[in-house]
Amino acid sequence: MPVRWLLAVAALAAVVLVAFAAGKFPVAPGELWRAVAARLTGAPSGLSPAVETVVWNIRLPRVAAGLCVGAALAAAGAAYQGMFRNPLVSPDILGVSAGAGLGAVLGIYLGLPLAVVQALAFGGGLAAVGTVLAVAALVRRHDAVLVLVLAGVAVGTLLGAGISLIKILADPATQLPSITFWLLGGLNAVTAPDLLATLPALLAGLVPLALLRWRINLLSLPDEEAQALGIPVARLRRVLVAAATLSTAAAVSLTGIIGWIGLVVPHMARLLVGPEFSRLLPASVLLGAGFLVAADTLARTAAPIELPLGILTALAGAPFFLFLLARSGERQ
Amino acid sequence: MLGRRHLLGLAAALAAPAWPLRAQPQGGVVVARFGPMPPPAQVRRVFAAGPPAGVLVAALAPGKLLGWPMALPPQARALLGPALRGLPHTGRLAGRGSTVALESLLQLQPDLVLDAGTADATYVSTLRTASGQTGLPMALVQGRVADHGAQLREVGRLLGVAARGEALAGQADAILALAARLRAGVPLEQRPRVYYGRGADGLETGLGGSINVELLELCAGRNVAAAAGAGSLTRVSLEQILAWDPQVIVTQDAHFARRVQADPLWRAVAAVRTGRVHCAPALPFGWLDGPPGVNRLIGVRWLLERLHPGHALLAAQEPLADAVARFYQSFYGADLPAPALHELLEADA
C-alpha cells in the first residue's frame, strides 16, 4: 500500500512540474531551474523581470489554485457520496454552485468590481446551502437525507432560473460573454492575493473532513444503526455539509463552476483504494488536485486561446463516468 | 418545448401568407425584407429588434422609435436627447432569445420592424418566422463598422428621413475616410500592437475578425489576439498577454482600467509601463463595442487619437471634445454641457 501512495504523490509532483514548465510565455527549463534555485539560495537569478513574473506571480498561483480547488471539490464529492449513500452525488447537490453562480452573475450584471463578484459568489453559495438546511430542518417526518437532496434540487433549480433570467436581461454584447465564461469556470484569472483570501475558507472546509474521516464511514449505514453505534448522525451530517459547502463555495468563487471533478474523481479514487473513507479521502484529494492541474495545463496549452476548464473536465470526465456506469451495470 | 416549436412552425406554414416569405436580396446593406414594405412616408412607428438597430433608429428618426430593445441605466438616459430619454424598454426580438412577446409586438402596432447587425442565415430565418407569424413587415440590415455610412443612408430612406440619413451618413463617411487616410499612411509594421481587454478582469478579448474588435484594425492598430486565430470572444491569461506584450491596451471597462494601474503583475506589460492604457467611454452606448452599432463611430475618432497621438492628420481635425459634442448632438440629440462632456472624457485615464 505505501508504494501505491508514493506513486500517487510522485505522479502529482510530475503533473505539477509539467504545469510549471508549460505555458504561452516561453520559459526554458533552464530558466525555470535558475528561478527556483535563485529563490532557494537567495541569490539573484539574472532572469528578465517578465520571466520572474510569469513563474512566480502567474504560474505559481495558478498551479497552487488548481491543486487546492481540485482537492477541495474531490474531497467534498467523496464526503457527499458517502453521506448521501449515492454514487451520483456531486458537491453541488445542495445548490452551492447554483447559489455561487447566481451571486457572481448578479455581480457581473450590476457591473461590480471583480472582488465583489467573487464575494457575492462565495456568499451566494453559502446562502443557497443555508436555505436548503433550513428547509430540511423544518421537515421532520421524512427521511432526513431524502429531504436534504430534494430541497437541494428545488433550491438549485430556483437559483438556476434566476441565473437564466439575468442572462436574458444582460447586455448581449458585453455582459453575456462574461457571464458565460464565468459559468464555464477557469483558473486563468487567479492571482496570489485571490488565492490567499480564499485559502482560509478552503482549509476550514477540508480540515474537518480529514478529522472526521473515520466517522464518515458510519454514515453509510442506515441512520438507526449508526445511532445505535453512538454516532450523533444529524449533527455529524450538518458538520459535514457545512465543511463541504465552505470549501466548495470558496473553490467556486475563485474559479467559477468546474463540473465533474467532484463527481468523477471520488469514483476513480474508489477504484484505486476501495470505499473505506479514511483511505478514500486522501486518494480523492491527491487525484482531484492532479486531475485539475493536468486539465488546466491542457486548457492553457492545447489551443492558441484558453479553453474553459469546465468544458475540458467534462470532456475527460463524462466518457469515464459512462465507462463506470457500464461496468457497474455488467456486475448486476 | 420542441413539440410546441414544431407546431408553431407548422401553423406558420399553414397560414399561407399573401406575400412571398422569401428573403429578397436587395444588394447594399439591406440583407432581407419580409412582408409588404410600407411607403417611407407612412413609416411612423418603428420597432428596433436589437440594440444596434435601436441606436440606428434613434439617430435617424428619434420620434419614430417605439422603445429601447435593451434596458438603459439612468446614467445612459441622461446623455440622450429629450425625445429618446424617456422611451420605454420594449425588449428585443431574436427568436428564442426574444424578450418581447409577439403579442406585445403586435400591440405596439409598428409600421416596420428593423434589425441590424449580424446577418447570417439564423437571423434571416428568425425574422422570416416572426414576420410570417405576425404579418408585420420586417427588414434586416448588416452592420459592420465600414457599413455604417451606407446603413444610415439606406435605412434613412426606408424610414422616410432620407435627408437626415444623408447628413448622418456624411458624418460617418468623414470619420471612416479619416481612418482610411491614416491607415494608408502607416505601414503595417509601424502600427501599434493593441490588446483589447473586456470584462472586469480584462482577460476577455476578441480574436481576429471578431465584430467586437474591428475598430482596432480600422484605426491602424494590430490586434495582438489575432495571433491566436480568427473567431469571436475568448478568454486569455495574463501569461498570454505578457507573451504578446502589447504596446497599447484599450478597454471600455473602468474597473479593469483601474485594476491595471494598481496591479503590480500588469506592470510587466509594455503598455502599462509606458502609460498607454486607455479606457473608452461607454455612455450612453459603448464607444468600442456593445452594441456594435453606429455608436462606435465616435469611438473610431477616439481610438485614432489614442493609437496615433500627435499624428498630423488628427492635428488638422477639430479637437476631440468638439467632435464628441457634435456627435452626441447629431446622433443622440443631446446638448452636452461642458461639465458633462468633461466627465464623459474623464473616464479615459
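Just so it is clear, glycine is given a Cβ too, placed from its N, Cα and C backbone atoms.
Note that this is a predicted model, so its numbers are computed, not measured.
Annotation source TrEMBL lists signal peptide at A:1-21. The feature transmembrane segment is assigned by TrEMBL to A:63-81, A:93-112, A:118-139, A:146-170, A:190-212, A:239-265, A:307-326.
Residues 57, 60-62, 64-65, 68-69, 71-72, 75-76, 79, 118, 122, 236, 239-240, 242-251, 253-255, 281, 285 of the same chain lie 6 or more positions beyond the ends of the transmembrane segment (A:190-212) yet place their CB under 8 Å from a CB of it. Most Cβ pairs under 8 Å with the transmembrane segment (A:146-170) belong to A:118-139, among the candidate stretches A:63-81, A:118-139, A:239-265, A:307-326. Outside the transmembrane segment (A:93-112) by six or more residues, the chain places 80, 84, 118, 120-129, 131-133, 148-149, 151-153, 155-157, 159-160, 162-163, 166-167, 169-170, 175, 178-179, 182-183, 241, 245, 248-249, 252-253, 256-257 with a CB less than 8 A from a CB of the stretch. Looking at which of A:118-139, A:239-265, A:307-326 has the most CB pairs under 8 Å to the transmembrane segment (A:63-81), the answer is the stretch A:239-265.
Remote same-chain residues near the signal peptide (A:1-21) are listed as 27, 29, 32, 55, 59-60, 62-63, 66-67, 272-273, 282-283, 286-287, 289-290, 293-294, 296-297 (criterion: CB distance under 8 Å, separation of at least six residues from the stretch ends).
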